[in-house]
Amino acid sequence: MWIQPRPPGSLFCSDSEGLLGETKTDNAFRRFVGPLQRHVYIILTLPIFFTAFTFFVDVFTLHITPCSDNIASNELHTVSVLQQSLTCHEANRFAHGQATYTTGLLLGSLIGGAVSDKYGKKLLLICCSAVLAVATLVVAFLPYVPVYLTARGISGVACCAIHICTYSLGRSWSLPKYRIWPPTLFSFIFSLGMMGLAAVAVLASGWMQFHLALVEQTQIFSACFLPESPRWLLLNKRMKTLEGYQNRSPENKHYLGLVRHNSNFANFTSPNILLHLFVMSYIGFASALTYYGICFSVGSFGVNIYLAQFFSGLSEAPSLLLPFLLKRWGRRPFSMGSLFLSGISCMLSLLVSKFCDLPALVMTLALMGKLCMQSTYCVSVLYGIELFPTVIRQKCVGLVSLCYRVACIINVVVTPDSGIRLPAMICYSSGPIIGAALCLLLPETSGIPLPDTVQDCEKQLRIKLSCCDNMSDLCCKLVCGTASDVKLISKRHAMTAFFSSACHLYHYIYI
């Protein structure tokens, strides 16, 4: 263990608690948006915003082709390959762009984490941003099917690596109390990018103009001014660089500690780890299947495709309330509720589409389900980090991400024409509901330090249940007290005592 001496008046924070320390004199706002953190968040929003363009560019490529009926009537506001005189057969081959892109996402999830651990997240972010810009530029000037499909696969690898680096850097420079804010803010910026893509598609007058508008070099240069992850600097003994970050301002003079562990796949023999891995993998699979199934099929709702894409991004704006909801309800109850609501919304949209001719209502219900799945994904990013120990956390998160990307590929293969069929919609509704039931097998991790070892994961349930001891006197009054004592207990306290008693009962039976 490497621990730097702590001066008087400061609070040391280990890696299990977070990578930045806190001082008692700092107020909550300054601790959350310190100079260095604000600098990191602002720069990281650029790649998140522009990768949304790359994620959903196929929505317009697939729905508007030279064979579309509306090309002649709406030529000025159509993103198509009409200028290249492609045949209908050649144009329809562009539909495979989604499959190659999601395959690239899968490859990126397999290698992105390992490459970032070896060479640093900052360097990988700069390189992938440059590769993404070059791939988009090539597609703009060479609108041929082989070039397009190859560029989409490369873009998928680059986008996945960019997201791995941005989310990891955002969390690395966040205080423990505010770990949920980076994924929430980045998800909101991503939804803004989805709305921006609709505006670009409306304003672009052709294939070249559309793809040139997607090229953004600003994120490449801005990434050069990003600080590297403090965890990576400590592991690679870059102490001078780390001290330079700490000495930028008085607010950034926090001491960091890190415990170095050796990873071993023997840790996967723990029943709790395997159970958590199975549940989180299924939630990731169901989330990707529903989320991207709706995102890639916005043109099949029977409304204007540009408005559908705009409202698809706008529907995720309420996710900004996520940190406040998590603080009130916790990780597990919120995940269960969002998964269940997503399944119900998709089921209702299926029923409305079959028995009523109301495209706007169908789209509204589907986008409600999409919002719930987006919220679930934001929570699962944090939940997965808090469920797995440091010694195997990167491997577990990588396996969960693998299931997420596999669902993306399956979704594209099953619905290549971006139309929502009946079996697909049944999967979109039933998958989240099953995931909500599986969440009952997970422990609540809010307010608990990150586990460093498998033994810490075994104690997660016990740590959480110890918080219920403060209600012991209330439980006694509720269970063993007189009627007059029970009347003194408010309804809210009675429910708290009931769940506390249930927690203790579960603890004594299964632990």
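Quick reminder: no glycine exception, Cβ is built from N, Cα and C everywhere.
Here TrEMBL flags 44-447 as domain 'Major facilitator superfamily (MFS) profile'. Residues or ranges marked as transmembrane segment by TrEMBL: 40-64, 99-116, 123-145, 180-204, 273-294, 306-326, 333-352.
Within the same chain, residues 52, 56, 59-60, 178, 180-181, 184-185, 187-188, 190-199, 201-202, 294-295, 298-299, 334, 363, 367-368, 370-371, 374-375, 378-379, 446 sit at least 6 positions outside the transmembrane segment (306-326) and bring their C-beta atoms closer than 8 Å to a C-beta of that stretch.
The stretches the transmembrane segment (180-204) and the transmembrane segment (333-352) are not in mutual contact, being linked by fewer than three Cβ pairs under 8 Å (pairs 6 or more apart in sequence). If you take every residue in the domain 'Major facilitator superfamily (MFS) profile' (44-447) and average the pLDDT, you get 77. Within the chain carrying the transmembrane segment (123-145), a Cβ under 8 angstroms from the stretch's Cβ atoms is held by residues 47, 51, 54, 81, 84, 90, 93-94, 112, 115-116, 151, 154-155, 157-159, 161-162, 165-166, 169, 207-208, 210-212, 214-217, 219-220, 223-224, 226, all 6 or more beyond its ends.
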